[in-house]
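K.L.:
Would you mind keeping the following structure in view while I ask a few things?
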Amino acid sequence: MAKDNLQVLNALDVAKTQWYHFTAIIIAGMGFFTDAYDLFCISLVTKLLGRIYYHVDGAAKPGTLPPNVSAAVNGVAFCGTLAGQLFFGWLGDKMGRKRVYGMTLMLMVICSVASGLSFGHNANSVMATLCFFRFWLGFGIGGDYPLSATIMSEYANKKTRGAFIAAVFAMQGFGIMAGGIFAIIISSAFKARFDAPAYEVDAPGSTVSQADFVWRIILMVGALPAALTYYWRMKMPETARYTALVAKNAKQAASDMSKVLQVDLEAEQQKVEQITEKPANAFGLFSREFLRRHGLHLLGTTSTWFLLDIAFYSQNLFQKDIFSAIGWIPPAKTMNAIEEVYRIARAQTLIALCSTVPGYWFTVAFIDKIGRFAIQLMGFFFMTVFMFALAIPYNHWTHKDNRIGFVMMYSLTFFFANFGPNATTFVVPAEIFPARLRSTCHGISAASGKLGAMVGAFGFLYLAQSQDKTKTDAGYPAGIGVKNSLLVLGGINFLGILFTFLVPESKGKSLEEMSRENEDENGEGPELEQTSSFNSRTVPVY
């Protein structure tokens with residue numbers, strides 16, 4: 001209940017939308033812009049890396065990355081991200097959100113630049129150093145997930161909290177699009193300056209020596225937006241919920257938020273001590289009490305994020321292969337190296353512009369109107385429908401006259417991923433767990449998602465290969481083909497529908513209501529007054 005809460009937290013919950021909300025969205029969102037740019041720009045240049053470092057004289061097709069190298073280059077950042085989500089999520093609850101926030105950003109800046117400066121001239125040294133720096137880049141990116149979500153949730157008012165957290169995540173769409181646009185600009189400039197024949201005309205001459213600069217520049221530019229926001233991240237005060245409920249410093253929390261909200265707030269140190277000393281606020285992550293109160297919730301957030309990311313990242317990272325399979329990108333041998341980068345970047349930018357970015361902002365617009373649960377359920381449902389609609393008549397979509405229809409259907413799966421679980425799986429874990437465990441639990445949920453991304457990224461490399469061994473990429477065994485891979489992804493999306501029922505609705509409730517940090521010793525809390533409402537359908541019954 002509002003009267004049981006601290007004045008400083010009530011003030012944040014009922015505050016009107018102000019300039020500091022938008023400042024926080026931009027500061028946190030630019031981290032996600034960088035995250036998306038850095039994670040997805042690698043898919044724009046993997047074909048180029050294959051041509052430069054794995055060219056085989058006399059081969060009918062341009063060089064491609066060997067399966068193990070391709071898996072490492074595409075997936076190593078995810079390994080780092082998973083580790084970073086767990087580590088920085090835990091650290092954010094131990095040291096405070098603000099103190100850790102700057103570390104993640106500097107790591108991203110340094111490793112973005114270092115990725116483009118990968119050392120050596122032979123394939124082994126370049127790929128080894130590229131993978132090394134992309135792992136640590138991922139480690140920094142991983143920290144941004146729990147910290148950005150937690151900071152935004154703890155700054156926001158309860159009426160528009162979902163939209164604010166989703167807006168931070170929506171910057172990911174602009175990051176993906178920016179990566180594609182920048183790759184188009186760079187490849188166009190290099191193509192105009194260093195024109196080359198197609199591979200089938202002159203195999204060695206199709207990859208000019210200057211192409212080695214293209215992928216390095218694309219990777220290094222990811223450091224710019226992160227570097228530009230570092231100062232403003234350091235100027236942000238610590239969140240009041242961490243300062244009051246975890247650090248137990250009511251005076252500092254009131255002082256910080258008085259400046260932010262421009263109102264006078266009482267410190268209430270005695271009330272802070274009463275709240276934090278309640279048995280309901282003493283259990284740890286690995287306790288029976290946590291399992292009883294939040295075990296199903298954590299299972300819901302981890303499982304849905306895991307399933308979503310299998311489908312989402314397998315599509316995003318390897319959509320260039322799908323476009324090639326349906327003829328949207330010409331056969332590699334008919335293009336030179338830089339032309340191929342341009343074509344791949346153009347295709348991915350169109351998908352981002354037409355479906356990815358709009359999907360994110362539809363979520364921002366509607367999340368506080370129709371709720372997290374409804375959006376997530378709807379998103380998984382339509383992803384399942386469109387995936388099966390692509391897979392079952394797959395041969396129909398490969399005919400030249402139907403290619404635009406395929407791209408439209410494919411775009412709709414992305415639209416409902418982003419106007420659906422890709423946004424809500426990020427929002428909900430930042431709202432439903434106690435302040436002292438919020439960053440940790442968000443990190444665990446996000447790490448589960450990245451585990452799914454690795455399954456999608458590594459698995460799709462092999463699964464999507466043709467069933468005919470003579471038509472597979474060099475070094476790969478026969479797979480199950482694109483059609484059967486899409487069927488598998490459709491099934492995974494359907495499982496997402498089922499696990500969504502474990503996730504509680506947090507629309508319009510304060511963070512303390514959802515985490516039940518205001519409960520008394522008898523387990524009576526504000527949210528139990530609504531036992532007949534739709535929103536309480538997943539709250540455990542005692």
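Counting begins at 1 with the first residue displayed.
Glycine is treated like the rest: Cβ placed from N, Cα and C.
Reproduced below are the annotations present in TrEMBL:
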- 20-45: transmembrane segment (TRANSMEM)
- 24-508: domain 'Major facilitator superfamily (MFS) profile' (DOMAIN)
- 100-119: transmembrane segment (TRANSMEM)
- 163-190: transmembrane segment (TRANSMEM)
- 213-232: transmembrane segment (TRANSMEM)
- 350-367: transmembrane segment (TRANSMEM)
- 373-392: transmembrane segment (TRANSMEM)
- 404-423: transmembrane segment (TRANSMEM)
- 443-464: transmembrane segment (TRANSMEM)
- 485-504: transmembrane segment (TRANSMEM)
- 510-542: region 'Disordered' (REGION)
- 529-542: compositional bias 'Polar residues' (COMPBIAS)
K.L.:
Need one number: mean pLDDT over the domain 'Major facilitator superfamily (MFS) profile' (24-508).
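P.N.:
Per the prediction, mean pLDDT sits at 88 for the domain 'Major facilitator superfamily (MFS) profile' (24-508).
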K.L.:
What stretch, picked from 213-232, 350-367, 485-504, has the most CB pairs under 8 A with the transmembrane segment (163-190)?
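P.N.:
Per the Cβ under 8 Å count, 350-367.
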K.L.:
Which sequence positions outside the transmembrane segment (350-367), separated from its termini by at least 6 residues, show Cβ-Cβ distances below 8 Å to it?
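P.N.:
Contacts of the transmembrane segment (350-367) (Cβ under 8 Å, skipping residues fewer than 6 from its ends): 162-163, 166-167, 169-170, 172-174, 176-177, 180, 319, 375, 407, 410-412, 414-420, 422-424, 427, 507.
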K.L.:
Short question: which residues 6 or more past the ends of the transmembrane segment (20-45) have a Cβ under 8 Å from it?
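P.N.:
Same-chain contacts beyond the flanks: 73-74, 77-78, 81, 104-105, 108, 112, 134, 137-138, 141, 144-145, 148, 151-152, 155-157, 160, 164, 167-176, 178-180, 183, 214-215, 218-219, 221-223, 225-226, 228-229, 232-233, 236, 260-261, 316-320, 341, 344-345, 348.
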